[in-house]
Amino acid sequence: MCISNDTNDPALTIMVWQEDSPWPDVLTKESLQRIARHQYRSGVYTWLDNLCNPLWTALTECLPSRMAPNLVTLLGAMSCLVSYAGTWYYAPTATEALPAVWLIVNGILLITAYTLDCMDGKQARRTQTSSPLGQLLDHGLDCLCLLAHVAAVQGWLRAGDSLQLQMIVQSTFYLAQWEEYFTGILPHGTGPIGVTEVNYGLAFLSILFGTVWKDATTNPDRGPFDDALAPYVQIMLENEWLPAKLLNGLGGSPALLDAIADWQIKDAMLFAWFLLTVTLCSLSMMRVAVHLKSWKNTLRAFLQLITPLLIVTLALLDEFPTDHNSPPVHQAIRWKSFAVGLLYCYMTIKVIVFSMSRQSIAIVQLDVLPLLMAVGVSRYDPRLTAEGHVLLWQGLSLWWGLQLWNWAATASRQICSTLGIQMFTIPPITRTEI
């Protein structure tokens, strides 16, 4: 259903609930032609990107010249899959302490995954096989790998009984793709901190928690950040480490201490991460507004944030207590995290593809409806048992997994057919090409 059409840029056409997709395909002929002409433009590199580039280039030169760049991408994603599966195995309710060895392995796997992620583009340029399909596979698998990264962080943060961290991370990634959808440039970071710093930083933290700080991290009774926050804030107040203006803005010392009376250190860390995400998302929205110039076009762009906002709201709403005795959240948290993560990935991958095809994205994605119904049942049906709660999210994981696979596979097949390429092989050079 279209309520506003922009002939200059189809991406600014407002579609309420259904996109212009020719069933059983997902991309129109016009969209495929735009994908064929698409050129990827990345954001500004950070200092660590520039420092690591020679190493990434040298490692890429060690790869076989006939190795398809998409295979490099797939190998990196397999590292994330191993990390995610192992973390799930050792912490099935996301609250258990991970073994020190696995924390080290998680760090190594994260370093491996991100390094390969930085090498696939170089391999594509080296073999002269860069294509929009590579961008789809690269960024699409990056989106899925976020689930492994979040699980790895929760392994030492011990905050796995909530989807707060996952929603923060996935929303930041979604906003970056949304910004590229309208500006044509994918941001890598803000100032001196970017994706490389975050990925390598989290990887080395995991290794440190498995070695230097393993006694605190592997304690089965409490995590390293489970201490109360108030005593530490009291020390900061006594030593006047907090600026007076900031303290007055928070209502003064008594108000601040009352507000954080029940906080643990990890709550403060999650809140700081939330503030950082709000800042990054605000900067993305500002850049989109400046790029689009017109307030009408800016409004059209912002309307497309309704679906991710619904996903975050519904996912976190299910964590608030209800009047009846609902099943414990942690018993199904892994499956719920996986199901909601797949849905968010599905929505994000649509943005990645439609960014290249300049195809309009529906404001309200109907795929959110099962989440709405699941949260309703989980919160308000007193007959739902703990086993039923797990089964509910297992079913949704299967549903959204199949939806994501079918949509991405169909889009990939159409792109391969249009560009005359294969996903994981490089065509042999003929004599006429030599």
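Backbone N, Cα and C atoms are what each Cβ position is placed from, and that goes for glycine too.
Pulled from TrEMBL:
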- 71-91: transmembrane segment (TRANSMEM)
- 97-116: transmembrane segment (TRANSMEM)
- 270-289: transmembrane segment (TRANSMEM)
- 301-317: transmembrane segment (TRANSMEM)
- 338-355: transmembrane segment (TRANSMEM)
Tertiary contacts of the transmembrane segment (270-289) (same chain, 6+ residues out, Cβ under 8 Å):
159, 164-165, 168, 171-172, 175-176, 178-179, 182-183, 187, 190, 298, 301-302
Sort out the residues at least 6 away from either end of the transmembrane segment (71-91), same chain, that have Cβ-Cβ distances under 8 Å to it, and list them.
63, 97-99, 102, 105-106, 109-110, 112-117, 119-120, 123, 134, 137-138, 141, 144-145, 147-149, 151-152, 154-155, 160, 334, 424
Residues of the same chain, at least six outside the transmembrane segment (97-116), with any C-beta under 8 angstroms of its C-beta?
56, 59, 72-73, 75-77, 79-80, 82-83, 86-87, 90-91, 145, 148-149, 152, 155-156, 158, 196, 199-200, 202-207, 209-211, 214, 217-220, 223
